[in-house]
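Record features (TrEMBL):
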- 21-39: transmembrane segment (TRANSMEM)
- 73-94: transmembrane segment (TRANSMEM)
- 115-136: transmembrane segment (TRANSMEM)
- 168-193: transmembrane segment (TRANSMEM)
- 205-230: transmembrane segment (TRANSMEM)
Amino acid sequence: MATSTLPASTDRRRSSILLKTIMAASGLFFIAFLLLHMYGNLMILSGREAFDEYAEHLRTFGGAMVPERGALWVMRIGLLVALVAHVGSAVVLWRRAGAARSVRYQVTRRSYGNFYVKAMRWGGLAILAFVIFHLMHFTWQTVTIGEAHASPAARVIDSFSHWWGVGIYVLAMIFLGLHLLHGIWGAAMTLGLNTSLERAENIRLTSIVVTTLIVVGFLIPPFAILFGLVK
Ligand code: HEM
């Protein structure tokens, strides 16, 4: 019986492309969430009441049509599914690249270390660690910066009245910015959007604009609070 390794390697290539597409799609979902979250956070610039009202609105969104926190839970489940898909695909691709590299090492004994690939992996893990810290800080309130408060606005204002509270979030935004910058570019490549030099230039520009918008937008409230512009 004639056997060939070609179908197996073709299958593997196809499944790697599928995993990269899953990473791109879940990444785009995260970006939509980040833009909405960033916009919501800017409400703090309108004062404590506006922000508390917005936080309350998140819980009652959908009115009588859905149970309290119903829409919030739909979003949370969506984020969790996207997180499992994104991290799961990354781990499988990571292991495959590692296995392929160990074969290459035996053949050539040369290192193919790639700065961007490493930065995406370790940066992604740093963002994951930040998200866990962030949920403990604002959602579960098991970690406090400053004092504990019943009002979401008071929690945010107290946290960012401390320079080190701002420092933690600045560090996280640096990791997030680097991840987004290369992630948007990579997602566009996976989705085959770079069909010409001009398009590649547009993708590069889009990744810079979206990343800047998210990072600057997220950092405006902490710095406005630190400099006493929000009381
Ligand atoms: C300076 C940056 C940020 C600030 C000030 C901030 C602030 C907040 C606050 C106040 C809440 C709690 C909202 C409530 O009262 O329920 C929250 C929830 C959350 N934030 Fe952020 N956030 C920031 C950045 C981020 C980033 C970068 C991510 C993701 C990478 C993120 C993901 C989340 C998630 C998943 C929740 C939980 C939503 C829920 O299930 O209730 N945040 N954030």
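Note that the numbers count up from 1, one per residue, in the order the chain is shown.
Using the three backbone atoms N, Cα and C, a Cβ is placed for every residue, glycine included.
TrEMBL: automatically predicted annotations, no manual curation.
For the transmembrane segment (205-230), the residues of the chain that approach it from at least six positions outside its boundaries are 31, 34-35, 38-39, 41-42, 44-45, 47, 156-157, 160-161, 163, 165-166, 169-170, 173, 176-177, 180-182, 184-185, 188, judged by C-beta separation under 8 angstroms. Two recorded stretches are said to be in contact when at least 3 C-beta pairs lie under 8 angstroms, sequence spacing 6 or more; the transmembrane segment (21-39) and the transmembrane segment (115-136) fall short of this definition.
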